[in-house]
Amino acid sequence: MQTRNAFSYIKEEITRSISVLLVIYIIIRAPISNAYPIFAQQGYENPREATGRIVCANCHLANKPVDIEVPQTVLPDTVFEAVVRIPYDMQVKQVLANGKRGALNVGAVLILPEGFELAPTDRISPEIKEKMGNLSFQSYRPTKKNILVVGPVPGQKYSEITFPILSPDPATNRDVNFLKYPIYVGGNRGRGQIYPDGSKSNNNVYNATTSGIINKIIRKDKGGYEITIVDASDGREVIDIIPPGPELLVSEGESIKLDQPLTSNPNVGGFGQGDAEIVLQDPLRVQGLLFFLASIIFAQIFLVLKKKQFEKVQLSEMNF
């Protein structure tokens, strides 16, 4: 009986320990996951809205350029490069989550036509692998292999990202035709201003939540500020919390208005989107074009030879 109770007690303790460890893991792991742009895709079934806007712009509010380079035409079942460039000043530093300054990271989303997908590793040439570096690409959804995401990765090393793409073959995929297709791209540099849950990051401007007089500013030990504002209308005290990172622009005793910036804008990054076009070319059409061009060349050569032969005949008749 005592042995059975001992085993029961041990079983309960093991179960309780596992539960505690699982809860601790979830608590610690969740903020880290939410910090990565790739996890924001859980909120959107498709990264490109009906208006053409890519949803990454909901978190990265500043508008910045992005460029994409793809071949004009590709043949079926071939691997080609889609090069995405995310330019920015390599000298600038961004505000990190802890308020310190650090290098910018970059990320990108590539929306390909249906049927196009990430090339298998065994189909990628050594030249393309060298350009790819150590990047790891993922599908936006398991069912959407034509939408690829990457990042965040160090911007100083990967401001130019090479995607290895495999073109579809209409002979094996009846949903694909030999047509001109659009390709859409979105690229960001630096941290966003809004988290996926809608809360503001410290990479943001913080404004006054009321108008009045700044009564007190407390600098916190771990960084950031606690600003007490005496409301001008009823005299009540309103406390605005500023996280570590943004620089304070106001001082005690200063009169401020509603929505007046209390801090500078620390954001040095931003998001941009662009597009390109690619033609999935029919090999038979290419062969037909080559045959047509070759026939024209041979016809021209034949005419030149005939002309010279005619001139020789005329010259011989004149001499006769």
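Each Cβ is built from the backbone N, Cα and C atoms, and glycine gets one as well.
Residues or ranges marked as heme binding site in Swiss-Prot: Tyr36, Cys56, Cys59, His60. In the three-state DSSP scheme, His60 (heme binding site) falls into the coil class. Long-range Cβ neighbours of His60 (heme binding site) (same chain, at least 6 residues apart, Cβ-Cβ under 8 Å): Asn188, Gly190, Gly192, Gln193, Gly269, Gly270, Phe271.
The signal peptide annotation in Swiss-Prot covers 1-35 and rests on sequence analysis.
Positions annotated as transmembrane segment by Swiss-Prot, on the basis of sequence analysis: 286-305.
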| Ranked by the number of other Cβ atoms within 10 Å of their own Cβ, which of the binding-site residues Cys56, Cys59 ranks first? | Cys56
